[in-house]
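Colleague: Dropping the structure in here first, questions after.
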Amino acid sequence: MKVKFQRRSSGKDAMACSYQNPALSTEDIAMEPTTKTDPESGIHDNVDRLNSSFPSSDPPSYHEEHIDDEEEEEENQNKCMKAVSMVSDGISKVLAEHEVVIRKTVYVILCLGYLAFLIAACVINFCRAFAFLVITLVVLVFVVYGLIRDRWGKAIYKSCLKPAAGCFVKVWKYAKWIVYLGILVGIGLFLGLETGKQPDQLISLVGYLGIILCLFIFSKSPGKVKWRPVLWGLSLQFVLGLFVLRTSVGYDVFRFLGDKFQGFLAFTDDGRSFVFGSGLVVTSSTANLSEITSFADLIVTAAYLLHNFVFKALPIVISFSAAMSVLYYVGLMQIVIQKIAWIMQFTLGTSGPESISAAGIIFVGMTEAPLLVRPFLPTMTKSELHAVMTGGFGTVAGSVLGAFISFGINPSHLLACSVMAAPTALAISKLVYPETERKGSKKAERLQIEVSQQRNLFEAAASGASVAVTLVSNIVGNLIVFIALLGFLNTVLSWLGVMAGIPNLTFETICSYVFMPLAYAMGVPWEDCPIVAELLGKKIFTNEFVAYLDLADIIAAKKISARSEAIATYALCGFANFSSIGIQLGGLGPIAPNRKGDLADMVLRAMITGALVSALNACLAGLLYQEATIAVLPTAAVNTTMGYLNMTTPAPPACAYAGTLLDCMC
């Protein structure tokens, strides 16, 4: 279409228009003249009106066909979507109607497949499948317990447990004194026989009782001490120590747990070798290259092991923290902590929050454990706050435990000490700071732990790793600062010592004399006391990382006996040092801002109490520790005996193990 505009020569502006389209006559176009003031606006208005009245420039037949094609295509798409929607709705309806049956069918199929795999694995090699079988049985016990609790728990409690508990309370009121007397007599006979066989162990017993006496003398309120939590806590400590150190089953269990814990931490090698490099690096123990005379003086190691502490120990802290976060997300940590807390609450009579905090410190750090009882911190009594802080100072977190194991420290001793520290910390905390205020409710609901806020496993693992990065940075920063300060202090002491005629005066030398009586009271042989006393001083005035690094070097060099190694391992297992005071206050202050004054008043007392928790564990280790002795028969005697009995040496099994089936779990 074509529109032409032409201005007339007359005075009145008008528009001449010719439209080259036979379908439209000139009468169909109405034109109005524009005003004199704005002639151009009239032209534009008429053009707009003219164009709005024109039909499409496309031929009508083409335009209609195009519209018909689009409508047909849209109609076909709607039919397809309706069909898909109908099928989807039908499937959803069937699934909704038979949801229970389908779910049970899937569960049955999965269980049958799992059972078939378990049977096949046991038939092929029972020893190799023993670990899988044990894990299956443990999970099955928890599942059955959960089903029974959810379905018949209330009925069982009302009909059986509640009446039995009532009868037990009535009988226990009179029978408890007989039980207590029997326990004390049994412990006394055991200790008498043990110290009679090995008089050296009597020193550890005297040291143990001496520490308890000192704690009672310097108690906040000696006349108000309630002895139930004290005696029960120390009894639990003794039973755990006896189980670990003097029974073959306990030793095998904790040795097995330590080995598997160490094996799990070894998977960190994959991550740190990728981050720090797995290439080989040639190093030498000598600083002067001219002293290298042969290839024997060179050491070939992987790049990620070049700096053992930063590249090996600290990544373990990150990976273990992520693993703990995942276990917390799936709910396993809450169950374990609640059960341990329930045992301590039932026996010691402590409140729910302080029991949960003491149980949680076995697995998490001194700043993370109070988060488990965050809602109760602002209203806790001073005795409960002191117990929370003492538990934090008295043991180490599970993530840091992995770093100590990577140093070469005995994992079974570290695990046993961490477990023993929980009831011990509660016991002597109630001895040092007795409960004198009105306590809150000790009902079971106070044992509830907050559910993890992460949405999936990946977020839980990432959150745990992020938290550990902060912990690692704090560890590195503290080590740099305190080792530097220790070097400066040694320089100043050496300078002062030279002027006083005492050469080689250092901080370690002072500690070796100051803490030597404590080391001897723990049961350390006198010749090893200076070395162990140095470690105690470094642990208290710097931190436990410095002490354990030195202990690892001492163990590797065989400078002290195996008994001294075990006692030192227990004595150093705790966060009780002056640098941790700031960490403790910084962690608890923001959670309970209204209790900052109380926390500051009690933190030094709690730190000293936490240090003595480790000392009590070390005394108990010295009392119960026995070095393993293995009798080796001469080969000739074995051959003679076997020949006499007409026996042949049996072939080793397919999966060789020694002594116990626990070793099958490889």
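The backbone N, Cα and C atoms fix where each Cβ goes, and this holds for glycine too.
Feature annotation from TrEMBL assigns compositional bias 'Basic and acidic residues' to 35-48. The feature domain 'Concentrative nucleoside transporter N-terminal' is assigned by TrEMBL to 206-278. Summarising the annotation, TrEMBL assigns domain 'Nucleoside transporter/FeoB GTPase Gate' to 310-408. Feature annotation from TrEMBL assigns domain 'Concentrative nucleoside transporter C-terminal' to 413-622. Here TrEMBL flags 24-75 as region 'Disordered'. The transmembrane segment feature in TrEMBL is assigned to 105-124, 130-148, 177-195, 201-218, 230-249, 292-314, 326-344, 356-373, 385-407, 465-489, 567-591, 603-625.
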Colleague: By DSSP, how many residues in the domain 'Concentrative nucleoside transporter N-terminal' (206-278) are helix, how many strand, and how many coil?
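Modeller: Its residues fall into 62 helix, 0 strand, 11 coil.
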Colleague: Grab the pLDDT values for the domain 'Concentrative nucleoside transporter C-terminal' (413-622) and give me their mean, rounded.
Modeller: 85
Colleague: For the transmembrane segment (567-591), give me same-chain residues lying six or more residues beyond its boundaries with a C-beta closer than 8 angstroms to one of its C-beta atoms, as numbers and ranges.
Modeller: 366-367, 370-371, 374, 377, 388-389, 392-396, 409-410, 413-414, 417-418, 421, 474, 478, 482, 519, 522-524, 532, 535-536, 539-544, 547-548, 551, 560, 599-600, 603-604, 606-608, 610-611, 613-615, 617-618, 620-622, 625
Colleague: Considering only Cβ pairs within less than 8 angstroms, which of the stretches 177-195, 326-344, 465-489 has the most against the transmembrane segment (603-625)?
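Modeller: By Cβ pairs under 8 Å, 177-195 leads among 177-195, 326-344, 465-489.
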Colleague: Could you give the residue numbers and ranges of same-chain residues that sit at least 6 residues beyond the transmembrane segment (177-195) on either side and whose C-beta is under 8 angstroms from one of its C-beta atoms?
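Modeller: Contacts of the transmembrane segment (177-195) (Cβ under 8 Å, skipping residues fewer than 6 from its ends): 201-202, 205, 231, 235, 238, 623-624.
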Colleague: Let's see if you can do this one: DSSP helix, strand and coil counts over the domain 'Nucleoside transporter/FeoB GTPase Gate' (310-408), in that order.
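Modeller: Reading the DSSP string over the domain 'Nucleoside transporter/FeoB GTPase Gate' (310-408) gives 81 helix, 0 strand, 18 coil.
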